[in-house]
Amino acid sequence: MNDDLDPQSDHSSDYLPQFQHQAQAQAQAQTQPRRPRGFAATAAAAAAVATTTPTTTSSTPSSAPAKGKREREKEKERTKLRERHRRAITSRMLAGLRQYGNFPLPARADMNDVLAALAREAGWVVETDGTTYRGSPPPPPPPPSQSQSQSQSQSQLSQLLTYPPTPTPTPTPIPIPISNPNCLKGTATLDSHQTQPPPSLDSLSSPTSLDSAVVIPDTDTETETKKNDRYTTTSPINSAECLDPDQLMQDFRSGDHGNDYTGTPYVPVYVTLATSTLNHFCQLVDPEGVRQELNHLQSLNVDGIVIECWWGIIEAWTPQKYIWSGYRHLFNIIREFKFKLQVVMAFHEHGGSESGDAVITLPQWVLEIGKENQDIFFTDREGKRNTECLSWGVDKERVLQGRTGIEVYFDLMRSFRTEFDDLFAEGMIYAVEIGLGASGELKYPSFSERMGWRYPGIGEFQCYDKYLQQSLRKAAKLRGHSFWARGPGNAGQYNSRPHETGFFCEKGDYDSYYGRFFLHWYGQSLIDHADNVLSLANLAFEETNIIVKVPAVYWWYKTPSHAAELTSGYYNPTNQDGYSPVFEVLKRHAVTLKLVCSGLQMSGQDNDEAFADPEGLSWQVLNSAWDRGLAIAGESALSYCHREGHTRIVEMAKPRNDPDRRHFSFFVYRRPSPPLIQGTMCFSELDNLIKSMHG
């Protein structure tokens with residue numbers, strides 16, 4: 001049957017496309033604007049030409065804007081480098097003026113404060129509003145007019161008739177302090193018309209003027225003159241009115257009492273025991289000798305003991321077979337004396353000419369793997385292997401009998417936490433230090449004596465094992481410059497000087513595009529290693545204080561490149577802050593930073609030859625860490641008995657003039673060799689150090 005003839009069939013679908021087309025046409029007709037005519041058409045055509053012309057012009061491809069943008073970015077980067085260099089020079093100038101010139105500059109001094117201090121030192125007068133003159137009174141005011149003089153004479157006559165006349169004071173010499181005796185050749189007073197206008201009665205009654213009006217006898221020393229002149233400056237920032245009583249008392253103690261630290265913050269002191277306390281089989285060698293030594297330390301009021309747990313002793317022969325018997329015996333003896341305990345997870349070798357102790361190598365099974373695969377150790381440019389610790393390139397490589405480097409570290413830390421759970425529960429173990437590199441410090445083994453390094457050599461980069469080279473190639477490829485996947489070929493040898501190399505010399509390759517890329521990758525590898533290990537350390541030692549030891553690479557600090565710091569892994573040249581990114585990671589893991597207080601006991605001649613600045617480095621590290629809220633501790637670097645060095649360490653541990661009264665959380669005294677009980681001189685020096693730290 002035909003559907004067209006079927007009355008029941010629906011034929012609406014046949015007409016639907018036609019109706020839709022008509023509806024769309026009507027909608028377009030309604031929405032389409034009417035074409036302008038007459039004058040409106042002429043104006044519309046002109047507007048269309050005006051709008052299409054710049055569009056066509058701008059759409060034309062041109063490399064001029066892109067080239068200009070690149071030039072602006074380069075100039076912006078050069079400006080930043082110049083600004084960083086200028087700030088570094090300014091900070092060193094301010095430090096030198098404070099340290100060697102006794103200028104009382106504020107903590108955040110600017111060039112106005114420096115200019116004012118220099119002008120006063122040269123005998124100029126600098127007022128609070130910046131007015132400066134060479135000791136002569138300001139020019140007199142212009143003579144009054146005739147009408148003003150008549151009114152003034154009438155007012156004076158009325159005052160004389162009303163009140164009795166006051167006697168006119170006779171001009172007297174005004175004493176002035178001498179901050180530099182060589183400038184005035186010993187004259188302590190000058191007439192008022194030769195130096196400055198007579199002070200008013202209100203100014204003479206202020207604390208500043210009272211101090212400045214004291215006549216300094218000729219018999220006083222230069223130090224007394226500087227001490228009295230310290231608060232005579234007219235700057236509102238440094239005047240005595242703006243100094244709180246605590247700061248005045250601190251300055252009084254530091255000036256009059258020298259090494260008197262009474263009332264200063266209490267800094268706990270920990271002492272390390274000899275490494276030879278345990279033998280290579282994890283057995284306590286001389287228990288009675290340990291008790292005798294702990295008895296002496298207790299008589300000195302030592303707060304706690306530091307024990308190094310050596311990986312090469314604990315897991316010496318078989319992977320994941322840990323021997324703790326000797327450490328358990330030692331910890332029980334320390335518990336008898338009720339000492340606090342700090343434990344060091346030492347994942348590095350020990351021994352050599354510095355300590356005089358027996359060598360403690362890495363575990364034997366690790367050394368056996370190293371014979372087959374030498375790339376698990378740090379390697380220099382000549383291919384020499386350093387077996388002090390494992391290369392950071394194996395942190396995530398399963399080359400240690402199926403385990404990665406960080407897994408090996410975590411397994412030992414977890415075993416220690418489980419074995420001595422009772423000591424953690426009773427609070428005897430105060431903190432755990434995590435070894436993160438050579439000598440237990442967070443650094444590359446770039447200046448190892450076993451490799452031939454001698455102070456003050458710049459050291460060598462340690463990135464030539466195949467695992468770190470793979471990481472370098474990957475970083476260069478991501479940067480888009482695969483030919484940068486190499487170490488610098490002009491960085492010298494272990495004992496080179498910066499000026500002898502093309503990489504570290506002034507304006508050398510360290511500041512080129514390639515040099516900045518390589519040094520950033522080199523330093524980032526150090527940061528990544530710390531981040532990986534500390535993540536697992538916090539997992540193993542929950543609710544326990546974690547400590548990380550940072551080295552003090554102070555030689556060549558006064559050179560632009562800071563060569564020794566660069567080879568050790570800290571990208572800290574003059575125009576770059578290499579400690580901030582490291583401390584950001586440490587802050588994220590809430591660790592305590594322990595700074596090695598080395599170089600403070602060295603002579604000035606040694607520092608000058610190596611352009612060393614241990615105080616400047618310590619100042620940068622401490623302020624950078626304190627600004628980020630990190631807790632800081634200290635540790636003596638070498639086994640020395642020197643009172644002057646101890647005094648400088650105490651001054652650094654709790655600076656007197658710090659407005660925030662910050663200080664070390666604790667201090668670790670490395671036990672000297674021979675033993676402490678045999679060195680009476682070191683015994684007395686340690687006694688003085690502990691008393692100073694305790695305040």
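Every residue number used here counts from 1 along the chain in the order it is shown.
Note: Cβ is positioned from N, Cα and C throughout, glycine not excepted.
Among the features that TrEMBL reports, active site, proton donor is placed at Glu441.
The Cβ of Glu635 (active site, proton acceptor) has 25 other Cβ atoms within 10 Å, all protein chains considered. TrEMBL lists Glu635 with the feature active site, proton acceptor.
The annotation compositional bias 'Low complexity' is assigned in TrEMBL to 18-32 (among others).
For 40-66 (among others), the entry in TrEMBL reads compositional bias 'Low complexity'.
Here TrEMBL flags 68-80 as compositional bias 'Basic and acidic residues'.
Residues or ranges marked as compositional bias 'Pro residues' in TrEMBL: 136-145 (among others).
The compositional bias 'Low complexity' annotation in TrEMBL covers 146-161 (among others).
Per TrEMBL, the feature compositional bias 'Pro residues' maps to 164-178 (among others).
As annotated by TrEMBL, compositional bias 'Low complexity' applies to 201-212 (among others).
The domain 'BES1/BZR1 plant transcription factor N-terminal' feature in TrEMBL is assigned to 67-212. Model confidence over the domain 'BES1/BZR1 plant transcription factor N-terminal' (67-212) stands at 58, taken as the mean pLDDT rounded to a whole number.
The annotation region 'Disordered' is assigned in TrEMBL to 1-89 (among others).
Feature annotation from TrEMBL assigns region 'Disordered' to 129-240 (among others).
Counted within 10 Å of its Cβ, the other Cβ atoms near Glu441 (active site, proton donor) come to 21, all protein chains included. Across the compositional bias 'Basic and acidic residues' (68-80), DSSP assigns 13 helix, 0 strand, 0 coil.
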